[in-house]
Amino acid sequence: MTLLSVNLNKVALMRNARAGTHPGPLARPRVERAAEAVLDAGASGLTLHPRPDRRHALPEDAYALARIAHARGVELNLEGNPFSAPGESYPGFESLLLDIGPDQATLVPDASDQRTSDHGWDLARDGDRLAPIVRRLKERGCRVSLFVDPVGDSIRRAADVGADRVELYTGPYAWAAASGDAREELDRHAAASETARGLGLGVNAGHDLDLTNVGMYVQSVPGVLEVSIGQALVSDALEMGWARAVSAYVDALTGASA
Ligand SMILES: CC(=O)[C@@H](O)[C@H](O)COP(=O)(O)O
Ligand SMILES: NCC(=O)COP(=O)(O)O
């Protein structure tokens with residue numbers, strides 16, 4: 001069955017919106033409380049993507065979720081760009097990963113000022129720079145996943161630099177599904193998953209997945225081990241509450257895998 005890892009970036013975003021002027025007794029632990037709630041509701045893991053501009057998830061949130069994940073015996077997946085740009089507001093992402101040692105490190109090629117993740121790695125350009133980072137993270141005990149477009153060359157290069165998994169970028173799939181014509185994207189992802197698994201890579205997927213598209217995705221793309229979902233699930237939880245929202249996603253994944 002495809003596991004659900006809940007990305008809590010947007011809980012941190014809401015916390016940050018007021019934390020500066022109204023830290024309040026409840027503001028600080030918002031992310032931790034959300035983490036406990038989604039795990040209580042059946043999520044298999046936690047994901048966080050701290051960004052250098054501290055727009056939402058902060059390094060201290062990553063440490064807090066690491067404590068929770070360890071205590072609960074579930075996985076923590078930390079996402080980010082290990083290439084630190086000069087003058088970033090907090091230590092580089094790699095040093096955070098090496099200090100925390102999350103179960104999974106998902107390396108994402110986002111520029112510091114990027115609005116969100118919207119493309120996979122260009123491994124023809126960056127593979128040689130990534131390889132030693134991948135090695136150090138694996139020596140630290142992290143499973144390393146590379147965020148890639150569903151393209152055979154990217155997946156083969158991910159294997160070459162020593163990744164354990166790839167995370168297939170599902171944004172274009174989600175948009176195609178919303179337009180009612182996802183067949184071509186699903187075929188691309190199914191082929192990409194087959195290529196990855198043939199190379200011994202595990203397959204994760206994420207970005208813009210939601211209750212309307214995740215079931216079709218895991219039914220059509222064999223071998224997806226984990227989806228990480230944040231934006232839509234947190235939005236759904238505002239309407240449904242954490243328990244019902246997480247249960248709905250887990251049901252969508254289990255129903256699709258049945
Ligand atoms: C890598 C990916 O697709 C998402 O996990 C990313 O973390 C979304 O980042 P924002 O929540 O900042 O849009
Ligand atoms: N890796 C994808 C992720 O963690 C969450 O992406 P989204 O659901 O917020 O688009």
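Backbone N, Cα and C define each Cβ position, glycine as well.
Taken verbatim from TrEMBL:
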- Asn7, Arg18, Asp208, Gly230, Gln231: 3-amino-2-oxopropyl phosphate binding site (BINDING)
- His49: active site, proton acceptor (ACT_SITE)
- Arg51, His56, Thr116: 1-deoxy-D-xylulose 5-phosphate binding site (BINDING)
- Glu79: active site, proton acceptor (ACT_SITE)
- Glu167: site 'Transition state stabilizer' (SITE)
- His207: active site, proton donor (ACT_SITE)
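Structure with TrEMBL features highlighted.
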residue: Arg18; record: 3-amino-2-oxopropyl phosphate binding site; CB count, 10 Å: 12
residue: His49; record: active site, proton acceptor; CB count, 10 Å: 24
residue: Arg51; record: 1-deoxy-D-xylulose 5-phosphate binding site; CB count, 10 Å: 24
residue: His56; record: 1-deoxy-D-xylulose 5-phosphate binding site; CB count, 10 Å: 22
residue: Glu79; record: active site, proton acceptor; CB count, 10 Å: 27
residue: Glu167; record: site 'Transition state stabilizer'; CB count, 10 Å: 29
residue: His207; record: active site, proton donor; CB count, 10 Å: 24
residue: Asp208; record: 3-amino-2-oxopropyl phosphate binding site; CB count, 10 Å: 21
residue: Gly230; record: 3-amino-2-oxopropyl phosphate binding site; CB count, 10 Å: 25
residue: Gln231; record: 3-amino-2-oxopropyl phosphate binding site; CB count, 10 Å: 15
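Counting only residues at least six positions away in the same chain, the Cβ atoms of Asp110, His207 sit under 8 Å from the Cβ of Thr116 (1-deoxy-D-xylulose 5-phosphate binding site).
Nearest in space to Asp208 (3-amino-2-oxopropyl phosphate binding site), taking C-alpha to C-alpha distance over the recorded positions Arg51, His56, Glu79, Glu167, is Glu167. For the recorded positions Asn7, Arg18, Glu167, Gly230, Gln231, a Cα-Cα cutoff of 10 angstroms around Arg51 (1-deoxy-D-xylulose 5-phosphate binding site) retains nothing. Site extent for 1-deoxy-D-xylulose 5-phosphate: the farthest pair of Cα atoms among Arg51, His56, Thr116 sits 12 Å apart. Neighbour count (other Cβ atoms within 10 Å of the Cβ, all protein chains): 24 for Asn7 (3-amino-2-oxopropyl phosphate binding site). Checking each of the recorded positions His49, His56, Glu79, Glu167 against Arg18 (3-amino-2-oxopropyl phosphate binding site) by C-alpha distance, the shortest gap belongs to His56. Distance from the CA of Glu79 (active site, proton acceptor) to the CA of Gln231 (3-amino-2-oxopropyl phosphate binding site) is 15 Å.
On the backbone, the CA of Gly230 (3-amino-2-oxopropyl phosphate binding site) and the CA of His56 (1-deoxy-D-xylulose 5-phosphate binding site) stand 12 Å apart. If you take the CA of His56 (1-deoxy-D-xylulose 5-phosphate binding site) and look 10 A around it, the recorded positions you hit from Asn7, His49, Glu79, Glu167 are His49. Mapped onto three states, the DSSP output places Arg18 (3-amino-2-oxopropyl phosphate binding site) in helix.
A distance of 5 Å separates the Cα atom of His49 (active site, proton acceptor) from that of Glu79 (active site, proton acceptor). Listed binding-site residues: Asn7, Arg18, Arg51, Thr116, Asp208. Those with a CB atom under 6 Å from ligand 2: Asn7, Asp208. Between the CA atoms of Glu79 (active site, proton acceptor) and Asn7 (3-amino-2-oxopropyl phosphate binding site) there is a gap of 10 Å.
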